[in-house]
Each structure stands twice: as C-alpha cells, then as structure tokens.
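J.: Here it is, the structure in full.
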Amino acid sequence: MRAAAGGARAAVLALLLGALHGAPARGEEYDYYGWQTEPLHGRSYSKPPQCLDIPADLPLCHTVGYKRMRLPNLLEHESLAEVKQQASSWLPLLAKRCHSDTQVFLCSLFAPVCLDRPIYPCRSLCEAVRAGCAPLMEAYGFPWPEMLHCHKFPLDNDLCIAVQFGHLPATAPPVTKICAQCEMEHSADGLMEQMCSSDFVVKMRIKEIKIENGDRKLIGAQKKKKLLKSGPLKRKDTKRLVLHMKNSAGCPCPQLDSLAGSFLVMGRKVDGQLLLMAVYRWDKKNKEMKFAVKFMFSYPCSLYYPFFYGAAEPH
C-alpha cells in the first residue's frame, strides 16, 4: 500500500514537472501532501508565495523548459529585480557548458517551478553539476559558493529534482577541451567584457612555461612588459610576473604553442597569487584587439562581471 501511494505521488510530481523534459523525480518515501510551508532557512517573508511568468530578461532561466516560477525563490530572493541581478552573474558559467544540467540546477533555485510546495534539487544533481563546474570556477579563482553546498539539498529518495541530462549515453568519443583560459573572444565587446572581469591586463612576453601540481605557470620575461590595467598589482608582482593557469596541465592552449612575440594577458589576484583568466597572442593588425585596448576604460561593464560574482549571498 505504501509503495503504491509513493508511486502515485511520484507520478503526480512527474506530471507536474513534465515541462522539465519529462524526467522523473523520486518520491517513494516522501509524503508530498504532508509538506509544510515553512519559511526557508528560518527567514520570514513580507509577502506570501506567488507565481509569475519567467520574464525574457531573466536569460538564465527563460529557456529552462517551464514558463512559471515561484517567489520567494529557494535562495531567499523576494523580488524579481533581485532574482535578475543575482542570476545574471551565472550566465558566464552557463555559457561555458561545464555540465549539461547546469541550467536545470541553477534555475531550480533562482526560478523554482511554480507549485504549491517548494521543490528542491536533489543532492545528486548538485554534486553532478559541482563536479563539472567547480574546477572551472576554481580556475578563475572562485570557490564553489556556500549557498550551493550540496549537503543542504535532499537525498534522491526524497521529493526533489533529479539529474536530467547527465545520464545520457555518449554519442561520440570525448574530445579534450581547450583550456578555459584559452577560449578566445573575437569581438571588441567580448574582449572588453573579459577586461571588465579581470583585475589586471598586461602586454608581455613569456619566457617559459612550467607544469606544477596540475597547473601551468607562465613566467614573464623581465623586460617588455606594459601594464594596460594595473589593478591590485604591486611592484613586486610586476618585477617577476608569474601567472598561474589553474587545472590546465592537460588541456591544449593553441596561443601558447609558441612563445615567440608578445601576449595580451588578463588575470585576477587571489590570495596573493596571480591567476590567468585569458591569453591572446598580441596582433597589432587586429583591429578588434586595438579597439578593445584603447577603449576598455570607457566600456560600460556588464552586470555579469566580475566573472561569477553574485555567487555569494547578497549584501
């Protein structure tokens, strides 16, 4: 009897979440109808929960697969304006395609599906997305944020949103991806957005590259450095410029196949270490690059940046 009731509850949830590509959510051991509408994390809200359309100017979740979202969301955002501001910071991560369920996971929190009870992501969904995306975030100097710690989410035998696409069989042998820091923008706007997300921008020569603990270390030549954006760099940083490419020992970076000539590098200073965020071969004939360097300080930096900011709780 209990198993049958549990199966019925699972079927009801699967129907309600049908817009999420028809993927099952497991509810065999959870009394869905017994859920209480308690304040999230002990916080009380000035307004009762409401459902509204996911707007087009919430691009993180507008194409997630369902039309209506619940407010307050599962990150304690009470207004749509707050959701938009915080969610926009995660668009760069979504664009990196570090896991096929990144959008489903993030939108289950930022724009939860409109039901009369909050439905959390399963812990396994969080862990799968974290395994795919945390190394990429670490490469840019951003730890997996506290608000997304997977122990906060229910186990898969509870009523929750399970992995949607992560179990699909591979249709082709895996291809080694280019290092994240070596993915290039080809427009001036793209370059300037990268500059917005970086603490410093330097034109430099690279003397040598070393492999150390799974990272690459780019050691700059003593001379012929030009600081285009100094940010937090101090004299000791620029005297012997050493840039760390996190988690990049085993991935290709075509720009660094030859160290001849100069490079345009962008990075962040994290815990005293200079992390490389982007690298380009310097090309004085490249009009887009010349334009970006000339006008980077007058460019209206997007709210998406610095890269992955908004991963912390709002202040």
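For all residues, glycine too, the Cβ spot is worked out from N, Cα and C.
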J.: Disulfide-wise, see what Swiss-Prot says CYS182 is paired with, picking from CYS98, CYS107, CYS253.
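T.: Of the candidates CYS98, CYS107, CYS253, the one Swiss-Prot pairs with CYS182 is CYS253.
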J.: With the disulphide bonds as Swiss-Prot has them, who is the partner of CYS98, out of CYS51, CYS61, CYS126, CYS133?
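T.: It is CYS133, per the disulfide annotation in Swiss-Prot.
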J.: According to Swiss-Prot, which candidate among CYS179, CYS196 shares a disulfide with CYS301?
T.: CYS196
J.: Tell me, from CYS51, CYS107, which cysteine Swiss-Prot puts in a disulphide with CYS61.
T.: CYS107
J.: Which cysteine out of CYS51, CYS251 is the one Swiss-Prot pairs with CYS179 in a disulfide?
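T.: Swiss-Prot annotates a disulfide bond between CYS179 and CYS251.
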J.: Of CYS114, CYS122, CYS150, which cysteine does Swiss-Prot list as the disulfide partner of CYS126?
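T.: In Swiss-Prot, CYS126 forms its disulfide bond with CYS150.
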J.: Tell me the Cα distance separating CYS107 (disulfide bond) from CYS114 (disulfide bond), rounded to the nearest angstrom.
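T.: Cα to Cα, CYS114 (disulfide bond) and CYS107 (disulfide bond) are separated by 12 Å.
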J.: Average pLDDT across the domain 'NTR' (179-301)?
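T.: Averaged over the domain 'NTR' (179-301), the predicted model reaches a pLDDT of 92.
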J.: Spatially speaking, which of the disulfide-bonded residues CYS107, CYS122, CYS150, CYS253 is closest to CYS179 (disulfide bond)? Use C-alpha to C-alpha, please.
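T.: Considering only the listed disulfide-bonded residues, the nearest one is CYS253.
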J.: If you compare CA-to-CA distances from CYS253 (disulfide bond) to each of the disulfide-bonded residues CYS51, CYS107, CYS126, CYS160, which comes out shortest?
T.: CYS126
